[in-house]
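J.: So TrEMBL says this about it:
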type: DOMAIN; residues: 37-328; note: domain 'Gcp-like'
type: BINDING; residues: H124, H128, D321; note: Fe cation binding site
type: BINDING; residues: L150, T151, S152, G153, G154, D183, G196, E200, N293; note: substrate binding site
Amino acid sequence: MPSIHQTKIKTNKNLTILSIESSCDDTACAVVRSDGTVLAEQIYSQKEHVQFGGVVPEIAARAHLSHLSTLVKKTLTQAQIEWEEIDAIAATCGPGLIGGVIVGSSFAKGLALAQNKKFIGINHIEAHALTVRIPNISPLQVNFPYLLFLTSGGHCQCIHVTNVGEYHRLGGTIDDAAGEAFDKVAKMLGLSWPGGPALEALAKEGDENAFTLPRPLYGRAGCDLSFSGLKTAVANLLTDYENTDTLPRQLAADIAASFQKAITTAIINRLENAIKMAPDSTLLATAGGVAANQYLRKHLLSLAEKYNLPFIAPPMNYCTDNAVMIGWAAIEILHQAANSHKIIDDISLLPRPRWPLSEMSERFEN
Ligand code: KG4
Ligand code: ZN
């Protein structure tokens, strides 16, 4: 990792991190400590996209720019701490919508330079992967190795987490992310964006066995996922309805329930393979917006129980994008760096739209 700012950092103490997240449509800021205390947390979920029925990258970047400075000020006021108490400033540097990532990381770097703090650039997926380790977030202490199913609007992958910086992608979607599939099917059914929660609510009124929809890659080796065929199958059920106003509610509910069953069955089948691919996993964890889905959670819990694994799903506000996970990832990285006698400062790290997890061990290498 590039490093031009080699100031010392106290890594054996309770670190305090100011963190920023801006990789999609949530502008978020937090102050987090090594013992898991969240001193302050602010989030603005951008409403600017609702009229477009999906996140518009350019609008997201501009919205981050408009809201970030106020949000950071509010967070600092809420935390009631002085700058001297902050050890480092962390921000998402990728992967994500690059405009937003540039806004958040540049803002954080500016603050770091002005306040003479270290800047830690965080991989957004790494932050999701480490969230279950935040003290007090889970009923159990989460030790390595564990298996994470990350499922959001932009990402869908199975990760074997063996240490800080060591993330092995066992498989992932070869087309849409699961959240994207929920959102697109919800749109076909005339539901408002974001579609996932609305689809789950509608599915409760429907018959999940009304339609047999494809379960992509079911029974195949490996744990890759695919959802585009399932989405097309739903579109084919709706060819008689030119606009959603004419779609009978019960039919929409039956389709929603059948879709939710099909996507869940496919995911569980793929994850069963992932468990077999990483037999040393001590637990199954999930994260990402789709992990809010109660139907999916119920089936993930049953799968974990089948293999005698605890199942951990963080509270919803830490499943979806947030800045606490960014601050926590920085804490894990700084402690790990101290163990490997490394000094980390990412002030010259450039924002990245893509940033494979396999590169995250580089910062601890000699
Ligand atoms: O993690 P997240 O907040 O943002 C990113 O995409 O990074 O995830 C948002 C996604 C959206 O696609 C949304 O429709 C989906 O999570 N989602 C759900 C549910 N709640 C949110 N999908 C299915 N069921 C839900 N209850
Ligand atoms: Zn995310």
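Each Cβ is built from the backbone N, Cα and C atoms, and glycine gets one as well.
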J.: Would you count the other C-beta atoms found within 10 angstroms of the C-beta of G196 (substrate binding site) for me?
T.: 25
J.: So which binding-site residues are near G196 (substrate binding site), with CA atoms within 10 Å, out of H124, H128, D321?
T.: none
J.: Sorted by position, what residues of the same chain at least six away from S152 (substrate binding site) have a C-beta under 8 A from it?
T.: H128, A177, A178, G179, A287, G288, G289, V290, T320, D321
J.: Test of understanding: give the count of other CB atoms lying within 10 angstroms of the CB of N293 (substrate binding site).
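T.: So the number of other Cβ atoms within 10 Å of N293 (substrate binding site) is 24.
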J.: Would you kindly give the Cα-Cα distance separating L150 (substrate binding site) and H124 (Fe cation binding site), rounded to the nearest Å?
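T.: Per the Cα atoms, H124 (Fe cation binding site) and L150 (substrate binding site) stand 11 Å apart.
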J.: Which binding-site residues, if any, among S152, G196, D321 have a Cβ under 6 Å from ligand 2, given in order along the chain?
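T.: The qualifying binding-site residues are S152, D321.
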J.: Give the helix, strand or coil assignment DSSP yields for L150 (substrate binding site).
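T.: SS state of L150 (substrate binding site) = strand.
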